[in-house]
Amino acid sequence: MKDTQKINDISTKLVVKYGDNKYDLTKFIRIHPGGENILKYKNNKNIDLEFDNSNHSEAAKNLLKEYKLETEVERDEGIENLVDWNKAMLPQISKLGDNYEKWVNSPVDRDLRLFKSDFLELITKSTWYMPLLFWIPIIIYIIKNELALQETNQVFFKVFTQLIIGIFLWTLFEYVLHQFCFHIDVRRFPDLKTFHFFIHGNHHKVPFDKYRLVFPPIPAAVIASLVFYILQFLHYPKLSFAGNLIGYLCYDMTHYYIHFASPTSNYFYNLKRHHNDHHFRHHDKAFGISNTFWDNIFSTKVLLSRLKYRIQWQK
């Protein structure tokens, strides 16, 4: 693959030296998991010492290659040569074989197309606010209908209690879903590689794609409808299901926020660091997104390193 990037007007760029190569981090500084602190004063400087001493993971080293500057020479694609990034990715996953796990956990900063079909591609991408516009009216409808059926005696206490139960149960579902479905062991179930990439692997491959961070409403509605009817068969309270949906929206909005915001509160600051560790270092830990409660319970929480400074991410 030819890469003809040129270094024009270097004063407006963030170009660093690592080893024998130069890297244009102008775009990357905004999404750098380690924040902008350590990079913003490194224009045209060598970062060998800082990079090597920071104990970067293999995922980080692979990601750095995305920003390597080349001039009319063949770009070393490494493991990315196994797929064609100009084509739909889902049909290519099965041919990766035993290389899939290493490939999917080697993040890149590129545009990803999942399907050949424009329609399928459209309904499997979403802006951050679409789930809010879609689900909030449904949540209000469920609550309003259930309120009308309740007796006036202690109605608000009952509604509040069932909603809280639903929200709490969502946090457990979020954890279980992430660990046992989204991170299914593809070495044990090799035939599920394409399914895994569709539901979650694509997010690990392109973690900076803002259109693949929240769950698209149409596929989510299909799944939620099936779950709803199963739960109704089990006499699960509709108000608790509304609580589940509220918990889901909190999860989705938190996920987007910790990917692209620069949190000021300690809670979200540590949550972002926790999630970054999941993406770039410990794929088998840190499964909680909106909270770390269940990671603490099941001993999958990562121990965040103590830093000499507070990380600052670009907003």
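Glycine is treated like the rest: Cβ placed from N, Cα and C.
According to TrEMBL, the features are:
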- His32, His56: heme binding site (BINDING)
- His178, His183, His200, His203, His204, His255, His259, His275, His278, His279: Zn(2+) binding site (BINDING)
- 1-69: domain 'Cytochrome b5 heme-binding' (DOMAIN)
- 126-143: transmembrane segment (TRANSMEM)
- 155-173: transmembrane segment (TRANSMEM)
- 213-231: transmembrane segment (TRANSMEM)
Other same-chain positions with a Cβ less than 8 Å from the transmembrane segment (213-231) and lying at least 6 residues past its termini are 123-128, 130-131, 134-135, 203, 241, 245, 248, 252-253, 255-256, 259
Residues with Cβ closer than 8 Å to the Cβ of His204 (Zn(2+) binding site), same chain and 6+ apart in sequence?
Val104, Asn105, Pro107, His279, His283
From the DSSP assignment alone, can you count helix, strand and coil residues within the domain 'Cytochrome b5 heme-binding' (1-69)?
22 helix, 12 strand, 35 coil
Name the residues of the same chain, 6+ apart in sequence, whose Cβ is under 8 Å from the Cβ of His259 (Zn(2+) binding site)?
Pro207, Phe208, Lys210, Leu213, His275
Which site among His32, His56, His178, His200, His278 has the most other CB atoms no more than 10 Å from its CB, taking these as binding-site residues?
His278
If one measures from the C-alpha of His178 (Zn(2+) binding site) to the C-alpha of His32 (heme binding site), what distance in angstrom results, rounded to a whole number?
23
If one measures from the C-alpha of His200 (Zn(2+) binding site) to the C-alpha of His56 (heme binding site), what distance in angstrom results, rounded to a whole number?
23
